Amino acid sequence: MQTTSDVLIIGGGIIGLAIAVELKLKQKRLQVTVLSRDFAQAASHAAAGMLAPHAEQIAPGPMLDLCLASRWRYGEWVEKLEQLTGMETGYNPCGILSPVFEAPHGNSSTNSAWLDQETIRYYQPGLGEDVIGGWWHPDDGQVDNRKLVSALRQAAQSLGVQIQEGVTVQAIAQRHGQVTAVLTDQGSFQADSYVLANGSWAKELLPLPVFPVKGQMMALRMPAGTHQPYPLQRVLFGPQTYLVPRRDGRLIVGATSEQVDWQPHNTPQGIQTLLGRAIRLFPALGDWAIEDFWWGFRPGTPDEQPFLGYGPCDNLILAIGHYRNGILLAPITAALISDLILDQKVSPLIHAFSPQRFLTTTNPPVLSCRPMTAVFPSIANPSLPHAAENSEGSKDLLEIAGRKFHSRLMTGTGKYPSLTTMQESVASSGCQIVTVAVRRVQTNAPGHEGLAEAIDWSTIWMLPNTAGCQTAEEAIRVARLGREMAKLLGQEDNNFIKLEVIPDTQYLLPDPIGTLEAAEQLVKEGFAVLPYINADPLLAKRLEEVGCATVMPLGSPIGSGQGIRNAANIGIIIENAKVPVVVDAGIGTPSEAAQAMEMGADAVLINSAIAMAANPVAMAQAMGMATQAGRLAYLSGRMPIKAKANASSPLTGLVG
């Protein structure tokens, strides 16, 4: 079987159907075909239909702009669908109430209002005892996602879209930068333009950082009240859970967020988690009838933002990775992608979501995907020795989580005057581990644009870090993104994470409780955790016991250049640790780096002292030499300290 169309869309969920409908509305004679693996498995079914950019607390930037633009279109968009099909979509711009259990740090958004404990309970009686207030987001709303997808499917068919159900795409055939055909279990399909909109399954066809995030959900039946139809009248978006009342008396409870690959089915643990969170938010629902529960796979990406725009071939367009916002972003995605296909019109909204954003840089790319070696080769720098030798003459290698390194100096990538200076400094230092702030790289923060691609990751081991995370939950989420970022850059087996949980914005001191909590979870998930901590011997021991690969006590506050102010505690940590000890933060001079190594530290991590030096490249070399000298001195053993002088030459048998 061979079928030819003007546009072939791979994926029959809400995004694929929305694009198909938009194309046909703009150009009726266009031949559009949609290939759907299994309509029932679409991520659209594993959703609650919330239109909630403010309740989701999406940070200001391109993603929020995209979400707001889509929400603004929603009323007109669903009205058009309802007119086409005569079907309801359940669209309701009802506003969303966001109860909280802890006092907020600042305003949620300019369009949102804070409600104190008394006021929020007036708005919605029956909230749990732990609720201390909440935000009212008047512009957010909801839609019945199942009704919406059914209406889209009906609209597509009525407009003449050919929907091929039960078709599994096996490969995308390419030649000379063009897709020539899509190969499936039911034959080949050809078209002038192709759209990849198959969510989590995209990575099976192209090497894209899209992965399944399992979500479990359930529905309860609300009892009808005497004076009001149902006891819960408002959408509640609480901490880690949401409750969405439908007009037919159902209450949608969601959702878990689990990176368990393709593990199917609802689980007792998942349902227990849902119920526990929901009952804490609204206790009365603990007595309501369970009507249904289900699960599905949301398409996640390393930065939790979609891929929109041209793919690796000129006639292939991507519309994938919408994660938690597929329902919300359907109208704007359909508009942007249809404009791209029909008019080659690239909206400013789409630029930040280019599929190339993880792979492009204004600097010459040095990205390599060659296999990583078990022992990293020494960087070519004739000024530095490869590694110290112990008394038996064998190489003295640094070993972390089973991986061996010649260099004991780790460096960072921030604060450099330019990307070129950073590249030259890394090379000059002789280091083999470079830490990268996941959040800043993913958001292209100032000074971090193109940073991930500026380093040859075939010779440098990436150490993703969770800088900027104030809670354990944040750090765990960012660690997972860091692992995916490392995979994308060719280090498929990189499970390292430098764990930073820092709520203190003045002194940047790490939170010991949050660090321990995050470390325990990340170790369970298979990470090699390198935790940044205060020089606390008891905490260091506890982190070692939960399975951390190293401990990284600070010498003094980050970026202070104060040197090692807590040598006694670091010495205790070194004496008792059975994992490598890395002195991290505060080192300002090569002599201080050597001091840490002479104390018996296994490695040092130095960034600011190099990046902020008058000559960073020369300082990087000096730090590398000092690290080697300090290690060699430690292995050699210093002379005993004596109370009295002892001349180097004998005092007897002198001439004359």
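Every residue gets a Cβ built from N, Cα and C, even glycine.
Taken straight from Swiss-Prot:
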type: ACT_SITE; residues: Lys498; note: active site, schiff-base intermediate with DXP
type: BINDING; residues: 7-21, 48-50, Val169, 322-328; note: FAD binding site
type: BINDING; residues: Gly559, Ala585, Gly586, Asn607, Ser608; note: 1-deoxy-D-xylulose 5-phosphate binding site
type: REGION; residues: 1-395; note: region 'ThiO'
type: REGION; residues: 396-656; note: region 'ThiG'
Worksheet item: Here the binding-site residues are Val7, Ile19; which one has the lowest number of other Cβ atoms no more than 10 Å from its Cβ?
Response: Val7
Item to complete: Determine which residues of this chain, when Gly559, Ala585, Gly586, Asn607, Ser608 are set aside, have a Cβ within 8 Å of the centroid of the 1-deoxy-D-xylulose 5-phosphate site's Cβ atoms, and list them as they appear in the sequence.
Response: Pro557, Ile558, Ser560, Gly561, Asp584, Ile587, Ile606, Ala609
Worksheet item: Hey, does DSSP put Val7 (FAD binding site) in a helix, a strand, or just coil?
Response: strand
Item to complete: Measure from the CA atom of Ile327 (FAD binding site) to the CA atom of Gly586 (1-deoxy-D-xylulose 5-phosphate binding site) and give the result in Å, rounded to a whole number.
Response: 47
Worksheet item: Under a three-state reduction of DSSP output, how is the residue listed as 'active site, schiff-base intermediate with DXP' classified: helix, strand, or coil?
Response: strand
Response to the item:
Taking only the CA atoms, the spacing between Gly11 (FAD binding site) and the residue listed as 'active site, schiff-base intermediate with DXP', expressed in whole angstrom, is 37
Item to complete: Can you grab the distance from Ile327 (FAD binding site) over to Lys498 (active site, schiff-base intermediate with DXP)? Cα atoms, rounded to a whole Å.
Response: 35
Worksheet entry | Candidates Lys498, Gly559, Ala585, Asn607, Ser608 (recorded positions) - the one closest to Gly49 (FAD binding site) by CA | Lys498
Worksheet item: Looking only at Gly559, Ala585, Gly586, Asn607, Ser608, the residues listed as binding 1-deoxy-D-xylulose 5-phosphate, what is the longest Cα to Cα distance in Å?
Response: 9
Worksheet item: Taking Asn607, Ser608 as the binding-site residues to compare, which has the smallest set of other Cβ atoms within 10 Å?
Response: Ser608
Worksheet, complete the sentence: By a three-class reduction of DSSP, Gly586 (1-deoxy-D-xylulose 5-phosphate binding site) is assigned coil
Worksheet, complete the sentence: The rounded CA-CA distance in Å from Ala585 (1-deoxy-D-xylulose 5-phosphate binding site) to Ile19 (FAD binding site) is 50
Fill in: Whole-number Å value for how far the residue listed as 'active site, schiff-base intermediate with DXP' lies from Ile19 (FAD binding site) (Cα to Cα)
41
Worksheet entry | Mean of the pLDDT scores, which run from 0 to 100, over the region 'ThiG' (396-656) | 86
